[in-house]
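Enquirer: Taken from TrEMBL, the feature Mg(2+) binding site applies to GLU71, ASP89, ILE91, ASP92, ASP217.
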Amino acid sequence: MNMQERNAIYQLAREWVLEAGQAIRKRMNTPLTIETKADANDLVTTMDKDTEYFFMNNIKKVYPDHLIIGEEGYGDDVTSLDGTVWIIDPIDGTMNFVHQKRNFAISVGIYHDGVGEIGLIYDVMADHLYSAKKGEGAFKNDTPLTPLPDSKRFDEAILGVNHFWLCENHLVNEKKMQELVRTVRGTRTYGSAALEFAYVAEGVMDGYIAMGLSAWDIAAGIVIVKEVGGVTTTSFGEPINLLQSASVLTCNPVIHERIVNGFMLKGRK
Ligand code: IPD
Ligand code: CA
Ligand code: CA
Ligand code: CA
């Protein structure tokens with residue numbers, strides 16, 4: 001994708017994200033239909049569905065040949081990342097949206113032939129738009145984000161970690177995870193993977209580790225984090241395949257190796 005194409009798509013995507021955010025804020029206090037999906041705590045609302053439909057409808061009108069991967073099922077049945085693919089989470093952090101009315105985001109990642117070209121993460125209630133275009137740096141609203149520091153003491157790092165890592169689990173030795181939590185300076189759990197990626201890019205967290213995420217949770221974040229020099233892999237340091245869910249580690253490269261080799265001992269239960 002050349003720069004002109006990327007800029008044109010970015011302008012529209014940005015407009016749509018801001019418009020969708022405004023629509024959510026406007027309807028914030030109207031009654032919601034809340035349903036559950038995989039289990040009783042896996043929520044979806046009319047707002048999630050309407051927001052995804054809004055993107056799908058706009059994208060298909062302007063770019064009928066682009067493909068869409070969306071959490072709520074309005075997208076295409078995508079089996080490869082060839083061509084231009086929009087990867088959309090209409091509301092990331094639905095539980096926060098329902099219970100807290102804040103700390104949720106719209107996440108839109110745009111890839112071309114598998115390469116991340118554009119990332120947009122919009123913290124709707126705070127009106128913070130994190131954005132990046134490939135090779136052009138990352139921004140919070142109109143302010144450029146600073147490249148991540150090239151040195152970081154591990155015992156001064158703050159990590160985003162879901163508490164499930166500390167319970168007995170199928171991925172890693174939870175004792176090792178407890179050691180990780182004790183070794184770093186602090187841990188946080190915000191309940192929105194997209195926002196956690198944005199915080200890593202902003203440098204207010206040094207890393208975020210998640211057990212099982214899908215393309216829509218991370219597609220935008222990967223692009224934004226990369227633009228400030230961060231890396232994203234599975235929690236075991238393997239490359240991310242956006243066509244399947246997996247564990248995710250996004251962080252300052254200085255601490256990546258330390259986490260992967262020191263704590264993520266696959267199969268060593
Ligand atoms: C969820 C959030 C949450 C993460 C879950 C995701 P959703 O996305 O990102 O932080 O822990 O794994 O599914 O369902 O609210 O879009
Ligand atoms: Ca969901
Ligand atoms: Ca999500
Ligand atoms: Ca969602």
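Glycine is treated like the rest: Cβ placed from N, Cα and C.
No curator has checked TrEMBL annotations; they are predicted automatically.
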Enquirer: For the binding-site residues GLU71, ASP92, which Cβ has the most other Cβ atoms within 10 Å, all shown protein chains included?
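Expert: Of GLU71, ASP92, the one with the most crowded Cβ is ASP92.
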Enquirer: Could you list the residues of the same chain, at least six apart in sequence, whose Cβ is under 8 A from the Cβ of ILE91 (Mg(2+) binding site)?
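Expert: Listed in sequence order, they are ILE24, THR45, MET47, ASP48, THR51, PHE97, PHE104, ALA105, ILE106.
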Enquirer: Quick one, of the binding-site residues ASP89, ASP217, which Cβ has the fewest other Cβ within 10 Å?
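Expert: Each of the binding-site residues ASP89, ASP217 was scored; lowest Cβ tally within 10 Å is ASP217.
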Enquirer: Taking the center of the Cβ atoms of GLU71, ASP89, ILE91, ASP92, ASP217 at the recorded Mg(2+) site, which other residues in this chain have a Cβ no more than 8 Å from that point?
Expert: ASP48, ILE88, PRO90, GLY93, THR94, ALA105, SER107, ALA193, ALA194, TRP216
